[in-house]
């Protein structure tokens, strides 16, 4: 690591102008949360592998900012050369730089890896001390990274209409209407999942998220896709030709954005497409007829710098909300995917319960007793990785399976307190029947993306562990049972999941819920359920998906999280105050909760009824996928409970 920092500091000194500091973001050219191996620059320089974070290298210091999900992981992975900066507790990176770097300091960042929003915010902060943000045109990290992985060459795959549910031409029509409404003549699309959604295409360029490295531009009469043409088969080319989409090289996007700015970007299909004929009838609002729509959160500064800032509409992409509002076909597919996925999770729990009893002498999923301290042989012992591999194999046997939706968080004991723990084969823990086991996992299916967390104990949980699990469960149920007026955002609802924990002075450092894509990214906006102010931006709306995942974590001891995916539906209420209309949630995740971890005396009658109803549905819905042994286990796991049980 010292050699990497030393090499970067040499490049910083020789840069023109010389750099006093270098920022290395987590994001790629598309501001993605999950990036390809080739784009993990921040991980390369720091050794920290979490999905969120930012590295800052000065002449004498190296600091890494990350959020509460990764505090423990960062402490474990960072060398002594690095200082951990805790987001939400320590100063923001721009505040720290403004306060600690000298006046007129030059602060460098790759202009392709920083968003318009971030670059503008930093620029304003630095101006207080005449500091300058230097957006470099080449990435200094790439010059140091001699073993950088090659570019991904996975093919562009057309996503069938039977799963997408809405044609590209209809999406074009909707978006062009929004362009007209905003007085814009074009939209620059940088987010990978937005490009995939708009053109009904998928790929495997990024692990766990079925997207292709590509940009897009949509105007009132043309459509462009910027992708490495070697990824586009003859069949895919025919598909794009039929849509009137011009395919250009990935690297052409920056010159074409400059052409777009001067209204000189012309498609060879422009005069042939139905979209063009429709566009001739569209009258752009005369007061601002020349604006270009750019999402400041997903568009990189490199592209934005080619535009006339006076003629740019900086606001969230219209695709983000359209993608979040699932069509009927997507909703049906997501629900079906969660049924198959739930079956795999239950089959996994049945297998794991049997293995823990057989190999470790555990009392098992249903009984409370300390293990007999039986030890398996070296070849038969279970680890966090070997058991998660079993779960993946069970998922892989299900129809339409295409891979995992994120690295499985298979965590025992103190590892479960690391919120986004990722076990490695060489350095993972062995399963322990006397410790809590947390498994947060998900999969990609052609008809939907899944995300589920269950926490279990195969021995005798302590009273404190039960107390904490029960509080998490009560918050999970409270949020899932909420009814609320239309226009309500996730910031308002977040307290429902935390209140039972707050009663004991407990809390958790992550958000409570995120949107889930339709065979796309497992983390999807623009909505969320969270304590963070950004959760105020977009209200929850019918047909959105959102997770319900409160938790509690004790460093060095254990972690608990429960997670289901919910669909937002219209609610039938007795009254309709303010004529707003009301919404409610529908659970679409199916796997039992471990009753022996719940203090039933702490549950209300409503919570008991909800648990019994959910378990009854769970049993009936998953029954067709179970063999006799699995069905017997599931029946036992979903038996009705009462306060006196």
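Positions of Cβ are set from backbone N, Cα and C atoms, glycine also.
These come from Swiss-Prot:
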- 2: N-acetylserine (MOD_RES)
- 69, 420, 514, 523, 549: peptide binding site (BINDING)
- 440, 451, 563: Mn(2+) 1 binding site (BINDING)
- 451, 514, 549, 563: Mn(2+) 2 binding site (BINDING)
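Location within the structure of each feature annotated in Swiss-Prot.
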residue: 2; record: N-acetylserine; Cβ neighbours (10 Å): 10
residue: 69; record: peptide binding site; Cβ neighbours (10 Å): 21
residue: 420; record: peptide binding site; Cβ neighbours (10 Å): 20
residue: 440; record: Mn(2+) 1 binding site; Cβ neighbours (10 Å): 25
residue: 451; record: Mn(2+) 1 binding site; Cβ neighbours (10 Å): 24
residue: 514; record: peptide binding site; Cβ neighbours (10 Å): 23
residue: 523; record: peptide binding site; Cβ neighbours (10 Å): 21
residue: 549; record: peptide binding site; Cβ neighbours (10 Å): 26
residue: 563; record: Mn(2+) 1 binding site; Cβ neighbours (10 Å): 21
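Spatial neighbours are here defined as Cα atoms within 10 angstroms of one another, and by that definition the neighbours of residue 440 (Mn(2+) 1 binding site) among the recorded positions 2, 69, 420 are 420.
When the Cα of residue 2 (N-acetylserine) is compared against those of the binding-site residues 451, 514, 523, 549, the shortest separation belongs to 523. The two recorded residues, residue 549 (peptide binding site) and residue 451 (Mn(2+) 1 binding site), have Cα atoms 10 Å apart. Listed in chain order, the residues near the Mn(2+) 1 site other than 440, 451, 563 are 409, 441, 442, 452, 453, 547, 549, 561, each with its Cβ within 8 Å of the site Cβ centroid. Taking the mean position of the Cβ atoms of 451, 514, 549, 563 as the Mn(2+) 2 site, the remaining same-chain residues with a Cβ inside 8 Å of that point are 440, 452, 453, 513, 516, 547, 548, 564, 565. In this structure the alpha carbons, written CA, of residue 69 (peptide binding site) and residue 451 (Mn(2+) 1 binding site) are 17 Å apart.
Rounded to a whole number, the distance between the Cα atoms of residue 523 (peptide binding site) and residue 451 (Mn(2+) 1 binding site) is 9 Å.
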